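Engineer: Can you keep this structure in mind? I'll have questions shortly.
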Amino acid sequence: MMIMPEEGHPLSRMLASYPPQALRCDLPAGSLFGTDGIRGKAGDLLTAPFALQVGYWAGQVLQETAARRAPVIIGQDSRNSSDMLAMAIAAGLTASGLEVWHVGLCPTPCVSYLARTTDAIGGIMISASHNPPEDNGIKFFSDAGTKLLKDLSAKIEAGLRGDRLENILSQTNNCGSYQHQKELTQQYRNAVFATLPQGLSLDGLKIVLDLAWGASVHLAPELFQALGAEVIALHHQPDGNKINVNCGSTHIDQLQGAVQFHNADLGFAFDGDADRVIAVDNTGRIVDGDYILYLWGKQLQAAGQLPNNLIVGTVMANLGFERAWEKLGGQLHRTAVGDQYVQAAMWQTGAMLGGEQSGHILCHHHSVSGDGIQTALHLAALVREAGVPLNELIDQSFQTYPQFLKNVRVEDRDRRLNWQNCDVLQTEIAKAEAAMGDKGRVLVRASGTEPVIRVMVEAEEQYLAEYWTQHLVNVVQSHLG
């Protein structure tokens, strides 16, 4: 017989409308965890019963790892499904005996920060980052503010696959409590502010912010305005139907146009959960993560704050960036794509700066997670300190190699994840690499967050990069699609 929690508890409220048969989840084959937690279509894999089980087993694993009972932080982006998933996960966490502090709409790095600096034993963020509104995801953080290690994620998944929800609910005699604690986000706001140079003023700078209808809509404008900047905000309300749709860090066109129309000094585009940022200079030119790493790295190098002149990047980092950084006496350590791989390499090598071309930037002088808002503020501070427009700093940095990236949709999960077994594709990749020699490179990989295979080619000569990208795309479509 199922034992229900006391009336008014979030577990009771969430379960009230579910018949017992609806509380059963058929899990797909293969790992539930991708490169950034669990991600999928809301209402498909990501249902309330599934999220409740995730919360329960996450609670069990976090308690076992920390060897204590303490609160878990929950934050979320603005997607329509985020409220439902947050409450279901809160129900599961309280069913495991834990207290929940739900901070509501906030950037992912806010959850990381609060997990690290409060008495919490971990944090959970409900977001699918840059993905479209119909997707959602569940990201997990340890009490150190870092993404959960693979072995802990595996324990959560083992629990999900090993017990039925009815059995879990029969054990919920010792429920924890739920508190809405929106005010905790101010601690994160103050911490971001404290990382900036003392006395920094952005007075006189006109800055356009594309907030992507997401998690940065309140905090980013507030911080830039507090520093004296004139802020022009795009997509500046939380909207679960529009988050990331033709806006934000993966759709820069509107930001570029707004910077030019308003004669702004620079612009920043965040993704839905604000853990990444792409900048635009005063001419409307895109300033991606490679440029941000180069400029910030050069500043830290000059200040003696970049051990071994080392920056951690990924396999996507442009060759032009790498060779320019080497000319400054620096070294670039490449990892697989994913901010958790960048993070792991930074800990292993002692690097203080790392990130991705896509705009995930980590600076261990200030935080342990990628933080789009913090990165944007530091780039604005760098421009103010340099005393010249951002376009001049970019002109003096490096010339990128022409790089072409195309996504090929491959619905079959096994084919997608095991693309290396396609002999024809491997042969054609080898041909491309031989044709370009040391003047180009090929990268083919399965996305960890979307059902696509990404094909990237870069070369000194644009026609070579373009030709081989399309050729390899055709091969993927013919043999894997």
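Cβ coordinates come from backbone N, Cα and C, glycine included.
Keep in mind the model is a prediction, meaning the values are calculated, not measured.
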Engineer: Can you pick which of Ser129, Ser142, Ser397 Swiss-Prot lists for the same Mg(2+) site as Asp271, Asp273, Asp275?
Structural biologist: Ser129
Engineer: Secondary structure at Asp275 (Mg(2+) binding site) (DSSP, helix/strand/coil)?
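Structural biologist: Looking at the DSSP assignment, Asp275 (Mg(2+) binding site) belongs to neither helix nor strand, so coil.
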Engineer: Neighbourhood of the Mg(2+) site (Ser129, Asp271, Asp273, Asp275): other residues with Cβ within 8 Å of the Cβ centroid, in order?
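Structural biologist: Apart from the listed residues, the neighbours are Asp77, Pro107, Thr108, Ser127, His130, Gly214, Ala215, Ser249, Phe270, Gly272, Ala274, Arg276, Gly372.
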